[in-house]
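Pulled from TrEMBL, these are the features on record:
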BINDING   B:ASN40, B:LYS57, B:GLU111, B:ASP112, B:LEU113, B:ASP246, B:PRO247, B:GLU248  ATP binding site
BINDING   B:ASP229, B:ARG345  substrate binding site
DOMAIN    B:31-276  domain 'Aminoglycoside phosphotransferase'
Number of protein chains: 2
Amino acid sequence: MSAYHPLTLDEAIQIAQEIPNLFDEQSNLQVREIGDGNLNLVFHITDSNSSKSIILKQALPYAKVVGESWPLSLDRARIESEALILAYQLCPTLVPTVYRYDSELAMTIMEDLSDHIIMRKGLIEGNRYPLFAEHISDFLARTLFFTSDLGQNQQAKKESVKQFINPDLCKITEDLIFADPYVDAETNNFNAAIRDAVEALWADQPLHLEVALLRMKFLTSAQALLHGDLHTGSIFVTEQSTKVIDPEFAYYGPMGFDIGAVLANLALNYIGQEHWSRSEEARASYREYLIDTLRDTWSQFDTKFRALWNEHAVDPLAKVPGYQDLYMQQLLQDSIGFAGCKIIRRTIGLAHVADIDTISDDRVRERAERLALTVGRALILQHRQVTSFDAFIDTLEQATKGVQVS
Amino acid sequence: MSAYHPLTLDEAIQIAQEIPNLFDEQSNLQVREIGDGNLNLVFHITDSNSSKSIILKQALPYAKVVGESWPLSLDRARIESEALILAYQLCPTLVPTVYRYDSELAMTIMEDLSDHIIMRKGLIEGNRYPLFAEHISDFLARTLFFTSDLGQNQQAKKESVKQFINPDLCKITEDLIFADPYVDAETNNFNAAIRDAVEALWADQPLHLEVALLRMKFLTSAQALLHGDLHTGSIFVTEQSTKVIDPEFAYYGPMGFDIGAVLANLALNYIGQEHWSRSEEARASYREYLIDTLRDTWSQFDTKFRALWNEHAVDPLAKVPGYQDLYMQQLLQDSIGFAGCKIIRRTIGLAHVADIDTISDDRVRERAERLALTVGRALILQHRQVTSFDAFIDTLEQATKGVQVS
């Protein structure tokens with residue numbers, strides 16, 4: 001198979017069959033295309049004899065995100081594959097194994113995670129993942145530390161920056177997170193019932209100033225190799241396992257953008273619990289679980305990142321007294337600011353989250369959306385003054401109390 | 001001529017002769033090698049008939065900076081040539097014209113500036129350059145603005161970042177400016193008479209913290225395409241003309257690093273005036289000229305950068321109220337911090353400046369060196385609190401008064 005073309009089901013099977021040491025000659029491969037057809041083809045290929053299975057993911061040369069298709073470089077398949085391989089080296093248990101990457105076909109063949117569930121779905125179903133905070137804090141601390149100037153040779157890091165220049169996918173983020181939600185842009189997508197709150201946001205100049213600062217940080221701060229899209233739809237979980245997938249937005253950016261994505265998506269589920277159809281106690285208990293997960297994610301990240309720093313820092317000035325504390329405070333502030341931006345974009349921007357969009361009662365959904373805007377805005381406005389992660393929890397809990405009163 | 005080898009004088013003439021529309025058939029080319037042999041061969045080629053002349057600069061695969069030779073990628077010749085061409089597009093009167101670049105030979109042929117003088121030499125001779133502040137503020141404002149995310153398309157900027165990844169030359173800066181001067185490193189080079197002050201610097205942890213922050217900014221902030229080594233030895237001047245040369249350290253970094261380099265080198269000359277052999281009045285007058293030049297450089301840069309922003313900003317959030325002021329204040333703070341680092345490295349690090357090193361009276365030279373350390377340290381320590389450029393001038397003048405008392 002040579003030049004790029006979208007694969008057929010038969011071609012996908014043929015390619016899978018040719019991978020050494022995976023399927024044997026007696027295999028009987030079955031294939032299904034399970035992608036949503038927006039950005040990628042995703043083939044699920046199973047051997048009905050051995051029940052071994054794999055995923056073959058092929059990038060499409062466009063994204064169907066804004067009505068018409070949006071041309072996208074196939075280079076993102078290389079970036080995704082190389083970022084996965086790098087994450088595998090740093091956190092082998094926390095990402096799928098890559099079996100093969102083909103640059104011409106823009107195709108990656110990797111471990112099948114069908115025994116896992118997309119975390120967003122799991123949270124919406126009310127499941128708990130007791131090891132998630134431990135796992136995701138490991139993932140964040142190790143991938144961010146070891147790809148930064150703190151944890152890797154500074155000259156090698158520059159070559160890595162070059163390897164992960166990712167203009168097309170960064171543009172999606174720059175537009176959809178850091179620009180469009182703050183003006184009356186065509187890409188915006190919001191419930192007509194909250195138009196008053198959205199218009200208030202469009203007129204909110206102090207908020208725009210903070211977003212401008214966060215946007216500039218996203219554009220210029222080459223701190224570490226980010227996943228770049230680390231929401232709960234990019235994470236597969238079971239009670240015992242966490243697997244981060246889909247790093248096609250990977251690029252060198254500010255660490256707080258990845259941390260903030262995790263925080264924001266847990267907070268969005270917390271906010272979505274407005275719809276909880278079970279008892280009030282069950283809702284309170286689930287929200288407590290989410291708060292604990294938020295707290296543990298930050299505090300374990302903080303502890304682990306500091307430990308890596310103390311043990312593995314390669315920067316000659318890394319051990320200067322006071323530097324680590326200042327650095328961690330800056331990371332906290334960035335994470336909270338970026339979390340706020342992500343909460344807002346998921347409420348009024350192009351792409352929403354099912355945690356809120358699937359609330360069937362219109363009035364409850366509206367309440368959740370207003371709550372999300374309140375929380376997102378408050379996080380962004382305060383981010384440069386934050387000195388403790390409590391600020392994040394307090395903002396979420398206080399805003400929720402305020403809205404619930406109504 | 002094919003694969004890379006250091007050119008002979010005859011080869012240099014032959015290459016010059018072959019450039020279209022430069023020398024005619026009746027030309028009688030003379031060549032001299034005028035480089036210092038450290039990093040590059042520099043051939044000065046003149047036609048004795050027409051008195052046309054050019055410079056042919058060829059990169060050497062090593063730098064003779066630390067006793068033994070330090071291997072360096074020839075890719076820096078490409079970077080220098082491409083940075084010059086880009087600067088020429090933005091400021092055609094402020095850089096030499098490039099006639100030809102040959103990647104295999106790592107060679108750039110450019111306009112000869114023999115009618116100019118190296119600015120450092122001019123300042124040491126006590127000359128005044130009344131247009132320098134106007135010219136250099138133009139150069140800084142236009143090159144920094146139009147290569148940043150404020151002034152160019154953000155996706156094109158990412159390709160430009162990739163084009164100017166420059167690990168070898170950045171390493172020189174990272175080591176010699178942001179690490180070695182603060183420890184007892186072999187590369188350091190200082191007057192034994194000031195060892196007490198140097199040891200105090202090595203033990204100064206609050207200073208090291210600020211240097212660590214500036215170092216991290218140098219490593220991670222891809223704000224604009226920098227010249228990367230913008231001292232007064234990289235600037236040719238006459239009373240009417242200013243030409244910036246030698247951008248082989250070019251890479252995407254924090255704007256304040258280039259601005260700070262100009263400020264630091266004017267300040268180093270001011271400090272070096274301790275040796276002034278003419279009248280006290282003449283010294284005071286020259287220092288006043290330098291202070292005026294410093295003030296004009298910053299204030300004209302500030303005015304011009306804001307004007308470019310107001311007229312040409314492409315960032316969708318650029319016009320948010322308050323953003324420009326915050327941005328300019330951050331630039332000021334960065335510039336002052338980086339200026340401090342450069343003053344210190346030129347006093348106790350590997351590479352000094354003639355403005356101070358050529359002071360023949362040992363006691364006067366020692367006084368100037370101590371003054372430089374005092375000024376550099378004070379600039380670094382205060383940089384994050386600075387709100388006006390007066391802080392720079394005050395620091396320089398107050399420290400000078402303090403030292404002169406002795």
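Cβ atoms here come from the backbone N, Cα and C positions, even for glycine.
Structural mapping of features recorded in TrEMBL.
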residue: B:ASN40; record: ATP binding site; Cβ contacts under 8 Å, 6 or more apart: B:LYS57, B:GLN58, B:ALA59, B:LEU60
residue: B:GLU111; record: ATP binding site; Cβ contacts under 8 Å, 6 or more apart: B:ILE54, B:ILE55, B:PRO96, B:THR97, B:VAL98, B:TYR99
residue: B:ASP112; record: ATP binding site; Cβ contacts under 8 Å, 6 or more apart: B:HIS44, B:THR46, B:SER53, B:ILE54, B:ILE55, B:PRO96
residue: B:LEU113; record: ATP binding site; Cβ contacts under 8 Å, 6 or more apart: B:ILE55, B:PRO96, B:PHE236, B:LYS243, B:ILE245
residue: B:ASP229; record: substrate binding site; Cβ contacts under 8 Å, 6 or more apart: B:THR173, B:ASP246, B:PRO247, B:GLU248, B:PHE249, B:ALA261
residue: B:ARG345; record: substrate binding site; Cβ contacts under 8 Å, 6 or more apart: B:LEU176, B:ILE177, B:ASP180, B:PRO181, B:ALA351
* To do: Report, as a single number, how many Cβ atoms besides its own are within 10 Å of the Cβ of B:GLU248 (ATP binding site).
  => 27
* Structure fact -> Counting across all protein chains, other CB atoms within 10 angstroms of the CB of B:LYS57 (ATP binding site) number 23
* Structure fact -> Widest Cα pair spacing in Å over the listed ATP contacts B:ASN40, B:LYS57, B:GLU111, B:ASP112, B:LEU113, B:ASP246, B:PRO247, B:GLU248 is 18
* Structure fact -> Other C-beta atoms within 10 angstroms of the C-beta of B:PRO247 (ATP binding site) total 28
* Would you mind pulling the DSSP three-state label for B:LYS57 (ATP binding site)? => strand
* Note down the number of other Cβ atoms within 10 Å of the Cβ of B:ASP246 (ATP binding site), including every protein chain shown. => 22
* Could you find out if DSSP has B:ARG345 (substrate binding site) as helix, strand or coil? => helix
